[in-house]
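Record features, source Swiss-Prot:
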REPEAT    46-86  repeat 'WD 1'
REPEAT    89-129  repeat 'WD 2'
REPEAT    176-210  repeat 'WD 3'
REPEAT    221-260  repeat 'WD 4'
MOD_RES   SER281  phosphoserine
REPEAT    328-369  repeat 'WD 5'
REPEAT    371-410  repeat 'WD 6'
Amino acid sequence: MNFSESFKLSGLLCRFSPDGKYLASCVQYRLVIRDVTTLQILQLYTCLDQIQHIEWSADSLFILCAMYRRGLVQVWSLEQPEWHCKIDEGSAGLVASCWSPDGRHILNTTEFHLRITVWSLCTKSVSYIKYPKACQQGLTFTRDGRYLALAERRDCRDYVSIFVCSDWQLLRHFDTDTQDLTGIEWAPNGCVLAAWDTCLEYKVLLYSLDGRLLSAYCAYEWSLGIKSVAWSPSSQFLAIGSYDGKVRLLNHVTWKMITEFGHPATINNPKTVVYKEAEKSPLLGLGHLSFPPPRAMAGALSTSESKYEIASGPVSLQTLKPVADRANPRMGVGMLAFSSDSYFLASRNDNVPNAVWIWDIQKLKLFVVLEHMSPVRSFQWDPQQPRLAICTGGSKVYLWSPAGCVSVQVPGEGDFPVLGLCWHLSGDSLALLSKDHFCLCFLETKERVGTAYEQRDGMPRT
């Protein structure tokens, strides 16, 4: 495993292009485009204000920069650096901006969610979509880019509208039996739309493309309900994370629950492997010390290293007692993610914040638990294989695969708190994001990890 040098960064704004050739990063009002293989700067663009959001077009030919405070979006072209587009929403304001799947239209959501404006880069035409709902996840495209589903609120009722992305014509419009619709998401195959209600009302609704209600699911009543939702890449499973600390798995045939995964504070099953992060001190002989120390060694000396150890059961995990009289209590399953092959599901229970639970979806049982010394901030699966990257806000990155897990210190002068991460399309590298800097972590090839993956039913190794 190797690391690049660190580069300046603002607002954790660092994104790989969809084709994997470029890396975009922001420094205040400047947009920097680098070649992924050499990390040499290819283009440097200057925006009119500090950038708050960036997004690549699906074909990697354009990139948009949103400046919400100014109500501005600027679009840059990689093929024609002298060309650029400026979209000014004026007094309507701007709270969100995204590409359409064709990479030639931009959807801007105005302040107070009064409307969505669809701007065409080719024809310069403008279309308007009324009544978008201000909710957690109110806009979703099918993977093939043909349809847009939009959550709406009008006349004190929730609705969903489905638009054809080729001409933005309304295809279907139907109301949802929800008190306060919180989110919608298409299944990866684009055949089913999941819609879920506010946390005060446990309800998941599943609709077909033509707006027919396929199924409604409610696990319990009179308590805080849904906190997170995730589709498996195969579209066979819908995972629902709840405030009661459980993940419920619905199947795609009957849309009934096939199992539920609990997140207890104590692991009693002796067959469950629990890795605990533990500190280790670097052993440096006097004969090997140099002054001044090399850059990589200086970073290692400034921060203690750590390793994973297999804990013997029963294992008690660190827990938080949620504050019951405040909104958004730190409890329940707040993070869910399936591996790219749909074999594994990773989850975090927010009142056991230091632990990541990894479930074997084929066998519908707990596979491993990873407990860290600090609360888990983020985790993300390798796009090509079952390998999970985790960060906790410290100067380490953690990697797990079915063959085992490792804690890696990020080298460098001073501290490098890893606040976020994102995988390259190939899975060969990983961008580690800090408050003011980012660097790339280069990993071993898929073939070597794949060999270890074939042994996944055996005892994991550290």
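Just so it is clear, glycine is given a Cβ too, placed from its N, Cα and C backbone atoms.
Helix, strand and coil residue tallies for the repeat 'WD 3' (176-210), in that order: 0 helix, 14 strand, 21 coil [DSSP].
Residue counts for the repeat 'WD 6' (371-410) under DSSP, split into helix (H, G, I), strand (E, B) and coil, are 0 helix, 21 strand, 19 coil.
The DSSP breakdown of the repeat 'WD 5' (328-369), given as helix, strand and coil counts, is 0 helix, 23 strand, 19 coil. Helix, strand and coil counts from DSSP across the repeat 'WD 2' (89-129) read 6 helix, 19 strand, 16 coil.
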